[in-house]
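S.K.: My structure is below; once you've seen it, I'll send some questions.
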Amino acid sequence: MKLLLLALPVLVLLPQVIPAYSGEKKCWNRSGHCRKQCKDGEAVKDTCKNLRACCVPSNEDHRRVPMTSPTPLSDSTPGIIDDILTVRFTTDYFEVSSKKDMVEESEAGRGTETSLPNVHHSS
């Protein structure tokens with residue numbers, strides 16, 4: 001008897017807590033629910049049986065969009081944008097030389113204008 005008294009309130013409150021248990025029917029391509037009043041964030045899209053409203057979440061677009069294939073880029077005709085998007089690569093060349101190479105080149109160009117200094121060793 002105690003078990004029956006505990007189970008009775010649970011069965012009475014269960015439809016109010018769980019919406020699917022109360023038997024709300026799906027509507028509007030199975031994206032909405034038939035309710036007496038729509039909740040916040042839902043919009044009325046249609047009417048269900050027993051004077052209930054078909055409530056659909058208003059933040060989603062439930063229309064079916066036809067699938068289209070993207071247009072390949074090769075079919076498009078060339079235009080100004082193609083000229084703008086064309087990137088030309090340029091490479092700059094640099095010569096790298098050391099100071100030793102520069103001294104040797106400068107001495108070769110001048111010839112032997114300078115003589116070696118005389119070094120005197122005194123003991």
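Cβ atoms are placed via backbone N, Cα and C, with glycine included.
Fair warning: this is a prediction, and the values are worked out from it, not measured in the lab.
As listed in Swiss-Prot for this protein:
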| type | residues | note |
| --- | --- | --- |
| COMPBIAS | 100-110 | compositional bias 'Basic and acidic residues' |
| COMPBIAS | 112-123 | compositional bias 'Polar residues' |
| DISULFID | C27-C54 | disulfide bond |
| DISULFID | C34-C48 | disulfide bond |
| DISULFID | C38-C55 | disulfide bond |
| REGION | 100-123 | region 'Disordered' |
| SIGNAL | 1-19 | signal peptide |
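Are these features on the surface or tucked inside, and what touches them?
M.R.: In the structure as shown, the Cβ atom of C54 (disulfide bond) sits within 10 Å of 21 other Cβ atoms. Annotation note: C54 (disulfide bond) sits in a strand segment as assigned by DSSP.
Less than 8 angstroms from the CB of C34 (disulfide bond) sit E24, K25, K26, C27, C48, K49, R52, A53, C54, C55, each of them six or more residues away in the same chain.
A 10 Å cutoff on Cβ-Cβ distances gives C55 (disulfide bond) a total of 24 other Cβ atoms nearby, all chains included.
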